[in-house]
Structures are given as C-alpha cells and as structure tokens.
Amino acid sequence: ERGCPRILKQCKQDSDCPGECICMAHGFCG
C-alpha cells in the first residue's frame, strides 16, 4: 500500500496532495 493518507483533500496538481497521493480526475487527492 502506498503512503497516501486517507483524507479528502481538494487539489489542482499532485504536489497539492500529501504523501504519495496524486491528484485524481475528480479534483481530489487519492
């Protein structure tokens, strides 16, 4: 499992997201 905290965080780009999360198409980290 990758190091992505399970929090709902809005984003515009991957760097907006914590840990190893990426910015998904719906505009939230995942």
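In case you wondered, yes, glycine gets a Cβ from its N, Cα and C as well.
According to Swiss-Prot, the feature disulfide bond maps to Cys4-Cys21, Cys11-Cys23, Cys17-Cys29.
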Just counting, how many other CB atoms are there within 10 A of the CB of Cys21 (disulfide bond)?
20
At a 10 A cut-off on CB-CB distances, which of the disulfide-bonded residues Cys4, Cys17, Cys23 has the highest count?
Cys17
DSSP three-state assignment for Cys23 (disulfide bond)
strand
Distance, Cys29 (disulfide bond) to Cys21 (disulfide bond) (CA atoms, angstrom):
6
Considering Cα atoms only, can you say which of Cys11, Cys17, Cys23 is the nearest neighbour of Cys4 (disulfide bond) among these disulfide-bonded residues?
Cys17
Between the disulfide-bonded residues Cys11, Cys29, whose Cβ has more other Cβ atoms within 10 Å than any of the rest?
Cys29
For Cys29 (disulfide bond), name the DSSP secondary structure in the helix/strand/coil scheme.
strand
Write down the Cα-Cα distance for Cys29 (disulfide bond) and Cys23 (disulfide bond), rounded and given in Å.
5
